Amino acid sequence: AKSKDLLSSRQEEFEWIEYGKAIDDVAKRSGLNMDIFYDLRGNHDSYGVPELVACLISTKSINSGRKHLFVGFDSTMDDGLRSPTNIFGQPTDRLLSDLDAALSQWDNQSTSSPVTKIAFGHFPISFSALTTSGGSIRDVFLKHSLSAYLCGHLHTNFGRNLKRHHKSVHHKLSSKQYCQFDIHEGISKVVSNGNCSARTESVAEFWEWEMGDWRSARSMRILAIDSGHVSYTDIDFTFGFRDVIIVPTFPLDSRFMHRSSYPLDFICQGTSTAQIGTVRALIFSRYKIESVSVKVYESHSGSFQLVLHQQMEKTSGKGARGAMYTVPWNWRAFLDESPDRYWLQIEAVDMTGEIYLSELRPFSVNGLTAKVRWTWKEFRVMGCQWNQLYYPIMWTTLAFLFSLVLVPRTSLTFYENQIMLKFLRPKMTRRSYSPVNFEFLGVELSKMYFIWSGMLLYLLYLVFFPWLAGYPVTENHNKMYLHYKGWSTKYITSTYIGLPDVMVIVLPHLLFVVLPAFLVIAAIAAERALYLGYQLSHTANKDDDHYKERRYLKHTCIFHWFRKILILACLPIVWKHWKHCRAVVRAYDVNPLMDAPIYCFGVPVLLWLTIYRSSSIGVYQI
């Protein structure tokens, strides 16, 4: 639903036809029943759709005494705004109530059979807004301690480690309400003492696994549930199809699949059942598999040494599309306090003699978790709770901008006589003209009254009035107004939609256009004040000393270059602003002159007036 330049969005019938044919083709070629296909909308599927009806689907099964519950939900916004202000899931209180009920289907039944609960939706938790009553999808998932929440939305644009472990936070004002700095929220670090009779209280937790995408990354995920243990393997089809796919199901990857309860669970299972006593893997193959083996490596100083190599046996199962291979092992030999000392790999050989290897993954029989850190890009999209961060970032930026404008003026009003006396004092030291001397900045910025007033009025406009008018739904839909609170149908109103989605326009404008522009304007004012003060000092102490004259010319040259640098700094700001305006104009059919004159031209005009005033009155002439 995006144009070729990715700046505008609308639903195209041919894309939906192509999608329908692709699903039909997959079902036909695989022989699978269409009833087992579950698909859910994402934000691209709702671009420009005026009215949407959210849906929730669930299915459950019982296998070998274990219960499995799958719940999918659609949290796209009711009013399908066009890109870019449609990037957040917008769950309603009704949806959360239905989701809670769907995940509770087996909770009230008097049975001891364990239930594995898995939810799937489009939006990550970090891009899911709160409901009108303050409810969140995360709280519902924590209540039920899901095994996993599968999501999409981020594609693979930001990295491959888009996973996050959630754990209940009892302190409401915790920083985790706004961000989580590590993939794991609470890491198991100690080995259990094996006391299975003293079960600890269950921990509210769940894993969130972003899936990547097929469209651009050709990524597919196979999820496996083995005796309640949930694992997955991501397959990259960028270079074509795969003849063999290997999905290890036990032991689990200690980086992305362990829960806080596993240290005790693993030991207790090992003393009472045979589940922990075998290595297990699923094999999907186009050709006959001749042999499968497990390899365990011990890592030491970055190198791997093979410590176990055993053949696995095929376990037959009716109706299985893949084959399960297992092998007993002495799991006690791999008990270790390090969660990533031992690494697992499955090797398969087909009838042609081709060898296939699974990805090396660390494991911990103790159930300990190996620590993995996000990259900066991964943290930015998975660790930051943007619906919570939007207002703090926006108001902090605005507070700084208002203080930059108002504090100097207030200082000038109350201390004008003292400042002017200090400014006109005949004998001045070099320290008085240091670039960090705020008095000169305050005086000169406040004296540029026309520009100072423009800066203040611009900030007030951004706070109290709409930034622009356009067509956020479709070209033929009603024109709406963009505020920092969202889109509205009236110029001034209290009802908005698209919060916090509008942050993709608001924050870049404040942080990358207004803030640097105001800082450059303030720097030009400071440079002007410093230069005038230096000229006054030189005039008051003028003599025939040629050394002082040369030093004066040198300092004058420095001022000239500094001012040129400041003027050049305006160019990337204007370029960035032009790109923002171009994107908004294309996205919502905005007329810059009629629908967004202050948003589009306010900052460039202020920069131009500052440069013109500094140049036209003879800054470098006394």
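Keep in mind that glycine also has a Cβ here, set from the backbone N, Cα and C atoms.
Source: prediction; values computed, not measured.
Per TrEMBL, the features are as follows:
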type	residues	note
DOMAIN	243-368	domain 'TMEM62 Ig-like'
TRANSMEM	389-407	transmembrane segment
DOMAIN	391-597	domain 'TMEM62 C-terminal'
TRANSMEM	449-469	transmembrane segment
TRANSMEM	502-526	transmembrane segment
TRANSMEM	558-576	transmembrane segment
TRANSMEM	596-612	transmembrane segment
Beyond the flanks of the transmembrane segment (389-407) by at least 6 residues, Cβ under 8 Å: 178-179, 442, 445, 452, 455-456, 459, 462-463, 484, 500, 503, 506-507, 510-511, 514-515, 518-519, 522
Leading stretch by Cβ pairs under 8 Å, where the reference is the transmembrane segment (596-612) and the options are 449-469, 502-526, 558-576: 449-469
Chain residues outside the transmembrane segment (502-526) and at least six past its termini with a C-beta under 8 angstroms from it: 84-85, 87, 386, 390, 393-394, 397-398, 400-401, 404-405, 435, 440-441, 444-445, 448, 451, 455, 458-459, 462, 467, 482-487, 563, 566-567, 569-570, 573, 576-577, 580, 584, 599, 603, 606-607, 610-611, 614
DSSP residue counts for the domain 'TMEM62 Ig-like' (243-368), split into helix, strand and coil: 18 helix, 61 strand, 47 coil
